[in-house]
Amino acid sequence: MVLIRVLANLLLLQLSHAQKSSELVVGGDECNINEHRSLVFLYNSSFGCGGTLINQEWVLSAAHCDMENMRIYLGWHNFSLPNMNQKRRVAKEKFFCLSSKNYTEWDKDIMLIKMNRPVTYSTHVAPLSLPSSPPSVGSVCRIMGWGAITSPNETYPDVPHCANINILNYTVCRAAHPWLPAQSRTLCAGILQGGIDTCKGDSGGPLICNGQIQGIVSWGDNPCAQPLKPGHYTNVFDYTDWIQSIIAGNTTATCPP
């Protein structure tokens, strides 16, 4: 238990210095301890990201969250209050849409991680289902993570924060970023009036709609939560066949074009 407390304190100390320029939950509230059982924290000595447990051996995250010496934390809620349900794993294998990891901000920002050994489900560790259909515009979805809760001057919580946002028409994101392609395998999601958003530290975490992981936190503007500047999420439904093929053992499966 002493070692766990030391680790927890180290995570808290370094988290504020360890974020890539990516995503967080601004404008949210502390997650209920029972609502984020699939939420995973990916971490090394340089930065942290989110992820989602999809079965006993596999975690889904963003390609730009790839890191050396990745450690995978499951069942965590409050970093300052360790509990016996917490698990730690390392990455055994990682899979990307392109072997070169030549993803872009608007396409193929997805990573599938096989852990070094399976986890046992518990009251604080459970998987999230892959999508059976894509979300519709207007759907209310849930975001969560240990990312910054203020922006641009970031502060980071020791517990994950959650918030609701809406699936928006992709044209809203193109209006905010005219350089985006006309079509993309991303979801545009947020609150048009601003105030709620993912932000630094939330990258790789889930966008949950109707109890399924529909999106992966990919990128957004800085400062976060600006009006008319929603976030961008990898559209998981478009990659479901690829994910299932990799898990089934077809490691040469290709992503959709």
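Every residue gets a Cβ built from N, Cα and C, even glycine.
These figures come from a predicted structure and were not determined experimentally.
Quick look at what Swiss-Prot lists:
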- 1-18: signal peptide (SIGNAL)
- 25-248: domain 'Peptidase S1' (DOMAIN)
- Cys31-Cys162: disulfide bond (DISULFID)
- Asn44: N-linked glycosylation site (CARBOHYD)
- Cys49-Cys65: disulfide bond (DISULFID)
- His64: active site, charge relay system (ACT_SITE)
- Asn78: N-linked glycosylation site (CARBOHYD)
- Cys97-Cys255: disulfide bond (DISULFID)
- Asn102: N-linked glycosylation site (CARBOHYD)
- Asp109: active site, charge relay system (ACT_SITE)
- Cys141-Cys209: disulfide bond (DISULFID)
- Asn153: N-linked glycosylation site (CARBOHYD)
- Asn169: N-linked glycosylation site (CARBOHYD)
- Cys173-Cys188: disulfide bond (DISULFID)
- Cys199-Cys224: disulfide bond (DISULFID)
- Ser203: active site, charge relay system (ACT_SITE)
- Asn250: N-linked glycosylation site (CARBOHYD)
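Rounded to a whole number, the C-alpha distance linking Cys255 (disulfide bond) with Cys162 (disulfide bond) is 30 angstrom.
Counting in whole angstrom, Asn169 (N-linked glycosylation site) lies 21 from Ser203 (active site, charge relay system) by their C-alpha atoms. Cys141 (disulfide bond) sits 26 Å from Asn153 (N-linked glycosylation site), taking the C-alpha atoms as the reference points.
Per-residue confidence over the domain 'Peptidase S1' (25-248) averages out at a pLDDT of 92. In this structure, the CA atom of Cys188 (disulfide bond) is 14 Å away from the CA atom of Asp109 (active site, charge relay system). For Ser203 (active site, charge relay system), the nearest of the recorded positions Cys49, Cys173, Cys209, Cys224, Asn250 in terms of C-alpha separation is Cys49. Here the C-alpha separation of Cys49 (disulfide bond) and His64 (active site, charge relay system) works out to 9 Å. Nearest in space to Cys224 (disulfide bond), taking C-alpha to C-alpha distance over the recorded positions Asn44, Cys65, Asn153, Cys173, Asn250, is Asn153.
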